[in-house]
C-alpha cells in the first residue's frame, strides 16, 4: 500500500508539473445573471465554454450555525438543476474544469471567521464541501472569502493562521478523495489585506492557482473618479493608491513569495461609474465626485449604482451621437468616458489586449475574468464575446514559463505560520478503505519538513444530510469509521489530543515534535533538523528561543 500511494503521489506531481505549462483562462459565472431583464439575461447555455479552461459557478455560502455548505439560491441551483446543468457541460467539453466558488462580497466575512476559528467547525465545513462536490460532480472549489483578518468586515486577528489551516486541511481531504479536485482562491492585491490575512508562500504552495482580483482598485468609496484596474502607477496616484495598480499588486504577491506560475490575473468585464460633483467641469482622472450619490446612475440590465457591465458601456459610449466623450489613460492603459455628471472607467478590447501581452511578458499562469456574463455576449456592439475571445487568443497559444524567484523578500520569523507536515509518501500511508475505528487512542507519526502538507484521511459522510439548501440548521453529520492506524513508538493519548482546545500540542518526550488532531486523528509532526517546537508561538524555532528549558540546547 505504501509503495502504491508513493507511486500515485509521484504521478500526481508529474501531472501537476506538466499541466503548469498550460495557461489558464478562468471564467467566473454569476448565477444571478439569469434574472437580468431582456437582452441582459444570461444563462448557463450562454457560456462560451470553448473559450475557457476553468469555469467557476458563483456562489455558494456557509451556514451561520454549523458551518456547512449553504446553497444560496436553492430554487435556481437545485430545483431548476442549475448545478447539474452546469457540470453536465463537461460531457461535451471534457478538458474544461467546472468548479464552484464559496463566498463572495455579499456573504461577508464574519461567518467565515467563525468557521475557521475551531478545528471542529473547519472539519464540519470540509466534510460538507466533499459531500457537495461529489453530489453535484464539480471539479473543485474556489475560496472567495473577502477577506481573512479584515476587521472592517467582521474578521478576526487569528484568521490569517486559521485560513491557512483550512486550505491545508481541504487539500488533504481532496487528495484523499482521489478525484483530482482543484483548490484555488480569489485574493486581493492590497498590501494591508495581505498582511492581515494571507500567509503568501504557504498558500501559494497549497493552492493550484491564485486568482488575483486586480480590479475594484478604485471606486466611489475613494472619493474621486478613476479607472478601477490601472495597469501601472500614474502621476496622480498618491499615498495608499501609489502601489494600488495591477503591475505593482502582482509584483507584491511575487515579492512575498508566490511563484509567478501560480498567479492568474483578474480582468474585469465591467466598469465602475461615478456621479461628478455639481458644476464640476474637470473630467480628468481623479476629478471630484458627489460621493453621497453612491456611484454613477444604474445601467438598464445590471441595475446597480456605480456598476456597468461591458455590454452596457459599449452600447452607450460607442453609439454614434451618444454625447459621450471617450478618453484613454496613457499610464494606466484603460479607457474612460464621461457625459454630463456621469463618468465611467472600464476595460475594452484595446486595454485587454495590452494586459494579455503584459501577462505573457511577466510569465504568469493566465487570466481570469469577473465575470463572463458581462461580456458583449449578444453582440450588441459588434461580434459576440469580444473580450473573452482576446483572452483565449493570447492564453491558448501561450506556454507558462518556470517561475522566476528573484526579488523575493524572506518572511520574518515572527510572521511565519506553524510548521506543516510533509507529503504522505514520506510517512505513513493514507487509509483508503473504511473499517471500524476505536474511540480511544489512534495515533500517527509523519516525517515532516516545514513547507509541504500532509494528506490525512477525510471522513466520508452522508451527502443528503450534510448540505444545507436553506439557512435552517441541520443535524451534525455522522462520519463513517476509518481504518485503525497502529500506534507510534511515542505513546500519546489520542483522545487527549483531539479533545484539547489547543491546535498544537508539544510532544512530551521530544523537543522537535508536536501533535495536531486532524480529522479526529492524533498526528505527530516533526520540525526541521536543528529546530525545536516553540510552545508559546506554536512554531518551529531555534533552540535558544525555546520556552521549555529542556529544549534550549540543540
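Cβ coordinates come from backbone N, Cα and C, glycine included.
Keep in mind that this is a model prediction, so the values were computed, not measured.
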Worksheet item: If Swiss-Prot gives 76, 77, 103, 104, 105, 106, 147, 213, 214, 215, 216 as binding chitin, which of 370, 515, 542 does it give for that site as well?
Response: 370
Practice prompt. Select, from 407, 545, the one residue given the annotation N-linked glycosylation site by Swiss-Prot.
Written response: 545
Worksheet item: Any idea what the Cα distance is from residue 85 (N-linked glycosylation site) over to residue 76 (chitin binding site), rounded to a whole Å?
Response: 11
Worksheet entry | Collapsed DSSP category at residue 76 (chitin binding site) | helix
Discussion item. My understanding is the cutoff is Cβ-Cβ under 8 Å with a sequence separation of 6 or more in the same chain; which residues meet that for residue 76 (chitin binding site)?
Written reply: 31, 34, 82
Worksheet item: Looking at the recorded positions 146, 147, 214, 216, whose Cα is closest in space to that of residue 52 (disulfide bond)?
Response: 214
Discussion item. If I take the alpha carbons of residue 146 (active site, proton donor) and residue 214 (chitin binding site), what is the distance between them in whole Å?
Written reply: 14
Practice prompt. Name the one residue among 27, 303, 527, 540 whose Cα is closest in three-dimensional space to that of residue 214 (chitin binding site); these are the recorded positions.
Written response: 27
Item to complete: Fewest other Cβ atoms within 10 Å: which of the binding-site residues 105, 147 wins that one? Let me know.
Response: 105
